[in-house]
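Here it is, the structure, as structure tokens.
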């Protein structure tokens, strides 16, 4: 954990006093698009959970901005309902009483100048009434096309202006553009108004305990790092599977697809954390430097047709329910070429990983919802046992289970009890839910707190986003011009083409 | 699942644990620590319940050591160990063994506990009531990395704080200290909000609540300003008032749940400061198992330096401060001596105090403490080391008491 960065002069703060939590300084959070799903299911409960854990400053203020005709009380009621339904920690009246004092709602559309004037006067009023000290974070939980207008409005009405004693921060959600060019444009728009170190890009995967644990696992222990290289690792599989379809998100999803939606941000970030070298320290700069280095060393396969697969789910049965195919979903063009499944083989051009393929796959309507990183090891170079004894022995593997059932599994061979020599795979499990129950905060809690503290460790930077697009753009271009998506029945583990892609190299996908 | 074992041994209990786990089908153990609760029959239920709730955050093996009172001489000569092994749904997220010790074996509880500790995992001992005066040298306390006491539950909480300070060993901690974490955190947050210099502090709370003293000592230790302790009718802590160069800062909690933070020039704000359940306290306590240096430093500040003298005297000449400190240390020494002689009734406390009120006399006092320790030792074998320990403590104390004098001379 980084040292306290709040008011070092405070005599009551002491780095050795580890009971005192990292409390955010005086501040407030403004949420645009506060009526949305994300806001109700994740952001509001996260704010409450933070308050309940005593991590928010006294006088913390929450401002909602949306088109709906609400009074402050209606907004408070909405937050109340969302908190009751989705908060992780139990509802406590006194915490609620503390929060409710700083809740405001501003009604308006994004192009409405009056509304932004009202927002400004609300913020000024909160500075007086709640002592927020002019420190506000603007959370843009809005569709990407609205980014530029909201950002410009913030600038126009002086809402993004920092003074030496206060800060203004912007929090933006994925997608960060849909290709390199649009990402650069978006960055330009945002950075015109907010300084780069005041822009926080939320990749909620990075807020997950298990993802942070990748670094602990690799760099705090001695037993993994020595074998974490091409001499021992055969290949790495990174999977993020969803069992749901696109649901009501047709408008957003069609034309974007699985690779842009997931590989570009989540999977490439997971890959960077898995493959990067040890950072000099655990601060934001050192971490970003290593991630940037490894993302810069990622190479695409020579034959994109051979080593990438894109697919679409077809009608089928998923977990006992009948599911329609992607092309039959409401609001989808029946000729759509959008990928709901994507698998790519990447390599990392450095001494540690030369010749070790990284297989990344993601998809909707797959067998079950799971995200995991599997580091698969080479077989023992020599086996004193005869082949019948080791027939059932697979390759050793370390699997980092990101969600659900967070934890780490180690797979290795063990003798089956009995008189004959027979060796079979067994797994050894570490489960977060078992060793540290319930204490794991939600990713959004951690990330919102980090935004308020100004701690950018867990947020991808501009360079990382742009490098990721550089990796993905050629693949997307190839898919646009070559062939059409392979169909796979809903509820299975993807198209046969993906299995063939690995089978050609004598490997197979894990069933996660 | 529950397995009752009567007149048993540690190895039979271990067997029952394995058997219980097998029977419910989860042979893998993911427990992170062993929590030993030392208590009497009366408090066992509440303590176990709190530990069970805390185990949701820290899956652990909980060993409850209950020393049964023997009511007749015949009972005292027989010795028996009964155990109740609970695994699965009956034991929170870990396993629980309730150990009932009858007769002689109750003086050798560590021999039962030692074989039941989880391999390679930290051990925490918690005394909900009747904590030993020197937890680290208690046979059970010696097994643990972390020793949790609760001065709030003792007869004379404030005096016990002094003896905790004397006996402090890294790894000691007290639930009275845990109780004030939200207060400390809120006060620190309040000072984040204003740039100011604190001149004086007043801590107000109910009598016989050592949390108030600990908070006051922490503030005095960190801020280096006079801190006054005043009484109210509670519940618990009721207010902290800080007098600063940019106006007063007050954190006021009249009802035990919602507090008001007032800072001059800023609006009043409501902050949630609910009194917490024991389970939450234990969960916080188990979160970190490294020595709590901040606690040590606050504890060692000394209760006597708080309110007994008018603020001006402490802030005034160094000499006054030194004299005050010396007196305070002497009083502490009295407390220690008293504690040592508590069982050996023939030495009245009043005799010990004039001797030890002057720091230069401490060898004599060491003797008196030693003598009483010996007289006790003849009754029981356990406190044999005690006379030595208290003698050492006295020496340290003397050095500590002389330090302010040197400082005063320098000034």
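Our numbering is plain: 1 for the first residue shown, then up by one each step along the chain.
Using the three backbone atoms N, Cα and C, a Cβ is placed for every residue, glycine included.
A quick note: this is a predicted structure, and the numbers were derived from the prediction, not measured.
Pasting the feature list from TrEMBL:
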- A:266: active site, proton acceptor (ACT_SITE)
- A:67, A:174: NADP(+) binding site (BINDING)
- A:204, A:208, A:242, A:261, A:364: substrate binding site (BINDING)
- A:30-213: domain 'Glucose-6-phosphate dehydrogenase NAD-binding' (DOMAIN)
- A:215-510: domain 'Glucose-6-phosphate dehydrogenase C-terminal' (DOMAIN)
How many Å separate the two farthest-apart Cα atoms among the substrate-binding residues A:204, A:208, A:242, A:261, A:364?
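Per the listed residues, the maximum Cα distance equals 21 Å.
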Counting other CB atoms within 10 A of each CB, which of the recorded positions A:67, A:174, A:208, A:266, A:364 comes out lowest?
A:67
Give the number of CB atoms, excluding that of residue A:242 (substrate binding site) itself, located within 10 Å of its CB.
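Result for residue A:242 (substrate binding site): 18 neighbouring Cβ atoms inside 10 Å.
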Could you check what DSSP calls residue A:261 (substrate binding site) once collapsed to helix, strand or coil?
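In three-state terms, residue A:261 (substrate binding site) counts as helix.
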Measuring C-alpha to C-alpha, could you say which of the binding-site residues A:67, A:204, A:208, A:242, A:364 are within 10 Å of the residue listed as 'active site, proton acceptor'?
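Hits: A:204.
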Run through the Cβ atoms and count how many others sit within 10 Å of the one on residue A:204 (substrate binding site).
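Around residue A:204 (substrate binding site), other Cβ atoms within 10 Å: 19.
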For residue A:261 (substrate binding site), which residues in the same chain are close in space, meaning a Cβ under 8 Å from its Cβ, but six or more apart along the sequence?
A:174, A:175, A:253, A:362
Mind looking up the mean pLDDT for the domain 'Glucose-6-phosphate dehydrogenase NAD-binding' (A:30-213) in the predicted model?
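Looking only at the domain 'Glucose-6-phosphate dehydrogenase NAD-binding' (A:30-213), pLDDT averages out to 89.
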Give the distance between the Cα atoms of residue A:204 (substrate binding site) and residue A:67 (NADP(+) binding site), rounded to the nearest whole Å.
26
Round to the nearest Å and give the CA-to-CA distance linking residue A:67 (NADP(+) binding site) with residue A:242 (substrate binding site).
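With distance taken Cα to Cα, residue A:242 (substrate binding site) is 32 Å from residue A:67 (NADP(+) binding site).
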Look up residue A:174 (NADP(+) binding site) in the DSSP assignment and reduce it to helix, strand or coil.
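For residue A:174 (NADP(+) binding site) - judged by DSSP and reduced to three states - the answer is coil.
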